[in-house]
Amino acid sequence: MNVGTAHSEVNPNTRVMNSRGIWLSYVLAIGLLHVVLLSIPFVSVPVVWTLTNLIHNMGMYIFLHTVKGTPFETPDQGKARLLTHWEQMDYGVQFTASRKFLTITPIVLYFLTSFYTKYDQIHFILNTVSLMSVLIPKLPQLHGVRIFGINKY
């Protein structure tokens, strides 16, 4: 029973990234994170760029690929209970504008980070591993796949 709900979606998680202004808010949040990290004294610019990239990718991995279910009481009989937010997004349709945006954003951030760290080997390895950790779960071939049973339930 959905008394008092105002949305018409069976699962509001499916359309949240298509909301008005969400992409701009997302980019501004990344910029704000970067500015906050830049304001920490005695931290160099390459370290700040790497921290921005690592924090962004860690947050993206946790919120899109680890957390399952919905924060709402949905009438879908628990179908979304075992799906991550990435799998619920756009009803599972691949290659939508929102999915492309969320795939391209860490890549652009990776390029910026690599440039501003001057391709330092340690920063480069950390940023590459971080990028792969958020890009690989986004592949269509891994939709619904739980590697080694991790995050199965």
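For all residues, glycine too, the Cβ spot is worked out from N, Cα and C.
Sequence-distant neighbours of P137 (hydroxyproline) (same chain, six or more apart, CB under 8 Å from its CB) are Y61, L64, H65, W86, listed in sequence order. What Swiss-Prot records for P137 is hydroxyproline, and it gives similarity to another entry as the kind of evidence.
As annotated by Swiss-Prot, region 'Important for ceramide level-sensing' applies to 1-17, with the evidence given as similarity to another entry.
Summed and averaged per residue, pLDDT over the topological domain 'Cytoplasmic' (1-21) gives 70. What Swiss-Prot records for 1-21 (among others) is topological domain 'Cytoplasmic'.
For the topological domain 'Cytoplasmic' (64-94), residue counts in helix, strand and coil come to 15 helix, 2 strand, 14 coil, using DSSP. The topological domain 'Cytoplasmic' annotation in Swiss-Prot covers 64-94 (among others).
Positions annotated as topological domain 'Extracellular' by Swiss-Prot: 118-121.
As annotated by Swiss-Prot, topological domain 'Cytoplasmic' applies to 143-153 (among others), with the evidence given as similarity to another entry.
According to Swiss-Prot, the transmembrane segment annotation covers 22-42 (among others).
Sequence annotations record features per position, and here Swiss-Prot assigns transmembrane segment to 43-63 (among others).
Non-local neighbours of the transmembrane segment (95-117) in the same chain are 17-18, 23, 26-27, 30, 45-46, 49-50, 52-53, 56-57, 60, 64, 86, 89, 123-124, 127-128, 130-131, 134-135, 138, 140; each lies 6+ residues outside the stretch with a CB under 8 Å from one of its CB atoms. The feature transmembrane segment is assigned by Swiss-Prot to 95-117 (among others), with similarity to another entry given as support.
Here Swiss-Prot flags 122-142 (among others) as transmembrane segment, drawing on similarity to another entry. Non-local neighbours of the transmembrane segment (122-142) in the same chain are 46, 49-50, 53-54, 57-58, 60-61, 64-65, 86, 94-95, 99, 102-103, 106-107, 110, 113-114; each lies 6+ residues outside the stretch with a CB under 8 Å from one of its CB atoms.
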(request) Tell me the residue counts in helix, strand and coil for the topological domain 'Extracellular' (118-121), as DSSP assigns them. (result) 1 helix, 0 strand, 3 coil
(message) Six or more residues beyond either end and a Cβ under 8 Å away: which residues meet both conditions relative to the topological domain 'Extracellular' (118-121)?
(response) 46
